[in-house]
Amino acid sequence: MSKPTESSQYPQVTSGLCEELTHFRIVAISNESESTKSDIHFSSSACLRTCKCTISRWHSIGIPLLLGQVLAGMIAATAVCSTFLANAGVSVPLSQNLFHYCFLFLCYFPPRLFCLLRRRQHYQLDRSCKTPPTRFFTKDRLYRASLYIFAGLIDTHANWSFVAAYKFTNVTSIQLLDCLTIPVAVLLSILFLRSRFFWTHYAAVIICLAGAGGMVATDALVNPAGPQIPTNTSGNTTALVESSSNVILGDFLVIVGSVAYAASNVLQQYLVIRYGFVDFLAFVSLAALVPTAIYSLTLERAALFSILSGSLTSNHALIFGCLAGYVAAMFSLYSLMPYVLAKTSAVLVNLSLLTADVYALLMGIYLFHYGFHVLYLLCFSVILFGVGLFSCRAPLTRQTHLNCLSCLSERSICEVTVVQDALGSKRTPI
């Protein structure tokens, strides 16, 4: 048997080596294609996340900015309606608030009362319900009712303070002292809501106050006598009677009203987060309706009788139309305000309301022929920039402290048992 030659052995080795090299190339190409696909997928995912972050950032800035300007526009509308009433010889600011409090009460209290009665009936019919019916007057409910009564009284007397201030001081002083609401709201949010503000928030507050100060200075230059558009943050107005005497009393009333508005907004933010805006509007409107009715019937009884009896020589259609417009604007303002507070904060809402003066002035240019200057738009842009800067980063709030301010443990069947609100805190129904 002959020995195999070298030429007969090498073809087998060569063919095996070629197969291994071919397999290696195929594996390498497949790995390279998979890595390329993974890189493409990673880059597309990163791009998608970047787009989502950008959209979320603009959403967090744009939505509060838009909602705040809607509120400012409503306040400007109430100011214009009140100015028409003042020009027609009608000055019933407390009665104007009485009408819109009645409207709020009729729209929100009956559905809330029906919900409570239905829940009590459900407890009586369903004996297998795990949660037993509780007494109507409990410690938690009394605490809750006291907060609603306190909020209603603050809102009523804050409106009254600003209304009375217009009789003793001028519009410029009111506009300047009205800005005190913002630092007081910041301080109360830190003390009671345990909010933590960053340097951007303080810078935004300074920018907005600078814009408001520039707007007041421009107002003094363009309209030395003062525009006859009441522009306080509540939308409650009266005829402006400038008086050189009792200016200190008027300024003091503005300061009291500004502090009261700041306290009302901070307390409203807490109550809305804790219990919901329907519950808040239902009971606070009732708490504000009673003292407002007493004040209006006591102080404005003669003016109301003259309006209802038709003894005024002015256009009655204009008077009742302005009253209806005022009530509609205030109802929309009070209905939207709790939602905006839950989405943002009391400080941001007060910053946004600084632009109400600009909207009222723009309306007054066409309706009452007031002077205009380009500095108004510049100051308006400065305020909007400050509001946008404040919205870039939400202030931190200790939710555990916010939840522990009121220890409520009962559940509701008429509503969802536990509702997660926009700020992430748990809202306990009544």
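Keep in mind that glycine also has a Cβ here, set from the backbone N, Cα and C atoms.
Here TrEMBL flags 65-86 (among others) as transmembrane segment.
Cβ atoms under 8 Å from those of the transmembrane segment (98-117) belong to residues 278-279, 281-283, 285-286, 288-289, 292-293, 296, 323, 326-327, 330-331, 334-335, 414-415, 430 of the same chain, restricted to positions at least 6 beyond its ends. Per TrEMBL, the feature transmembrane segment maps to 98-117 (among others).
Summarising the annotation, TrEMBL assigns transmembrane segment to 145-168 (among others).
What TrEMBL lists as transmembrane segment is 174-193 (among others).
The transmembrane segment annotation in TrEMBL covers 202-223 (among others).
The transmembrane segment annotation in TrEMBL covers 243-263 (among others). Non-local neighbours of the transmembrane segment (243-263) in the same chain are 154-155, 157-159, 161-162, 164-169, 173-174, 177-182, 184-185, 188, 232-234, 346, 350; each lies 6+ residues outside the stretch with a CB under 8 Å from one of its CB atoms.
Remote same-chain residues near the transmembrane segment (275-297) are listed as 92, 94-95, 97-98, 101-102, 104-105, 108-109, 111-113, 144-145, 148-149, 151-153, 155-157, 160, 268, 304, 334-335, 338-339, 342, 415, 419, 421, 427-430 (criterion: CB distance under 8 Å, separation of at least six residues from the stretch ends). The transmembrane segment annotation in TrEMBL covers 275-297 (among others).
Annotation source TrEMBL lists transmembrane segment at 317-336 (among others).
Sequence-distant neighbours of the transmembrane segment (348-368) (same chain, 6+ residues past either end, Cβ-Cβ under 8 Å): 64-65, 67-69, 71-73, 75-77, 79-80, 83, 175, 179, 181-182, 185, 204-205, 208, 211-212, 215, 219, 227-229, 231, 233, 261-262, 265, 337, 340-341, 376-377, 379-380, 383-384, 386-387, 390-391. TrEMBL lists 348-368 (among others) with the feature transmembrane segment.
Residues or ranges marked as transmembrane segment by TrEMBL: 374-392 (among others).
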Inset, instruction - Could you tell me whether the transmembrane segment (202-223) and the transmembrane segment (65-86) are in contact, taking contact to mean 3+ Cβ pairs under 8 Å with a sequence separation of 6 or more? - result: no
Legend entry - the transmembrane segment (145-168) versus listed stretches 174-193, 202-223, 317-336, 374-392: most Cβ pairs under 8 Å: 174-193
Legend entry - For the transmembrane segment (202-223), distant same-chain residues with Cβ under 8 A (at least six beyond the ends): 171-172, 175-176, 179, 182-183, 186, 347, 351, 354, 357-358, 361, 370-373, 375-376, 378-383, 385-387, 389-390
Inset, instruction - Quickly jot the same-chain residues contacting the transmembrane segment (374-392) by Cβ under 8 Å, restricted to those at least six beyond its ends, or write none. - result: 57, 60-61, 64-65, 68, 200-201, 203-208, 210-212, 214-215, 218, 222, 344, 347-348, 351-352, 354-355, 358, 361
